[in-house]
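Structure first, then comments.
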């Protein structure tokens, strides 16, 4: 490692130990090497013993920067994996990260827009409405019509922090991939690369604006999801202005109950919104932590989600979607043979994998899980158990699906917070079955025909010319193949001649040696000369 990377690594370890985070790893679970490493850093002691463990974890992640804050945000949504004393403090990372100075934010916005804020806005609030790991949000009113808006600005000097941590993550990922064969199958370098891409995408607010516009168009007039309007005239790389929304934060359970919200329908709509984005639109919001999700307070009996912060989105191609849908349905139906075969067909495990053994392994993992009521099943635990099983069969995690997995965990975590009895499987199953029905059969064929017909009609006038060119190329190809074959035959003949001459030459040279021993010098000299000549001719034949 380079000195700068070693320094950053030491900084990470130092912060974690000074906040007493080694308590998260009980000593009886540690091997000798980590124990020795901890004892060797004896001067690094818990400096915040007066604070609870969850608060110490939150403060440590916040001190380490945006890469770590993002990790904490995901942990906070997994209340089925982490106890409340961990998840509750981490929830503050979603929109309560320590803000930077509001006057500095105003100055940054004015520099980017090229004029004083008063040119376009009134009532700019120096105090931020929300402060997150990447950006900070302030409120104002449009001078032209008095409309309430929010101004989002990227934190200053954040790029060097992210670059340093990502470099270190690459270094560690490469070391782990070389040292641990099991980790290599999980493609740690590719996972870090995907994570880097998502973080860097968040640093360009033009991308977020485009994503928000796309998502808003996808759910236009929808009762399930509302996306605020982006004011594109005021958007650039580090500043974005959008409509201000008024809603109840999805994590404010008391507020939702007080408003009379239908919690069951709200949780089910979260699952529906996720699967609609993935399978209908192939474009999904991939940062659905509670800080980015609000609920429309109007019509609480028919609740509507409000999605903010579209900096991270994911896309899937048709093959990925079909594979995922078939896998989900196979799980729902406990068709473990189908699950195993799909893994082989998709290339996630080697083609020579024993499907029977793989099926048995999956069954052993899933059957105890399905023994519980469906509403108690955690998809997070299913994924963890499946990964442990798949490692035995050399499964490679596909980096392009990492965002999807993370988003599904977010959605499940939110749904279970809103309605603990949420049956994720039964909520999603009808949606997936309907989607699969639209992908196969006569209806799907007619839909594909209708979709492609305009392109076919457009290309039809070109068919005669394309056919003529194909026939001409085919004739030329046949001629070239014939020439290659004749050249090959000529080469084989020359090689045969070369081998024959080499053998004759070798025989004559051996004979010349025998004749010399019998004192027949003239005959030996002639034989040797002819033998050498045969070798030269043989060499020439090979060269040709």
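Note: Cβ is positioned from N, Cα and C throughout, glycine not excepted.
Small disclaimer: the values here were computed from a predicted structure and weren't measured.
Under the heading domain 'Protein kinase', Swiss-Prot lists 123-501. If you average pLDDT over the domain 'Protein kinase' (123-501) in this model, you get 82.
Residues or ranges marked as ATP binding site in Swiss-Prot: 129, 130, 131, 132, 133, 134, 135, 136, 137, 152. Reduced to three states, the DSSP call for residue 137 (ATP binding site) is strand.
Within its own chain, residue 287 (active site, proton acceptor) has 309, 310, 311, 312, 407, 410 as residues 6 or more apart in sequence whose C-beta sits under 8 angstroms from its own. The active site, proton acceptor annotation in Swiss-Prot covers 287.
Summarising the annotation, Swiss-Prot assigns transmembrane segment to 496-516 (among others) and lists sequence analysis as the type of evidence. For the transmembrane segment (496-516), the list of distant contacts is 523-525, 527-528, 530-535, 537-539, 541-542: same-chain residues at least six beyond its ends, Cβ to Cβ under 8 Å.
A Cβ distance under 8 Å defines the sequence-distant neighbours of the transmembrane segment (519-539), meaning residues of its chain 6+ beyond its ends; these are 497-502, 504-509, 511-513. According to Swiss-Prot, the transmembrane segment annotation covers 519-539 (among others), on the basis of sequence analysis.
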Chain-internal residues, separated by at least six, CB under 8 A from residue 129 (ATP binding site): 137, 138, 139, 150
Which of 131, 133, the listed binding-site residues, has fewest other Cβ atoms within 10 Å: 131
Residue 137 (ATP binding site) CB neighbourhood, other CB atoms within 10 A: 22
Neighbouring C-beta atoms (10 Å sphere around the C-beta of residue 135 (ATP binding site)): 25
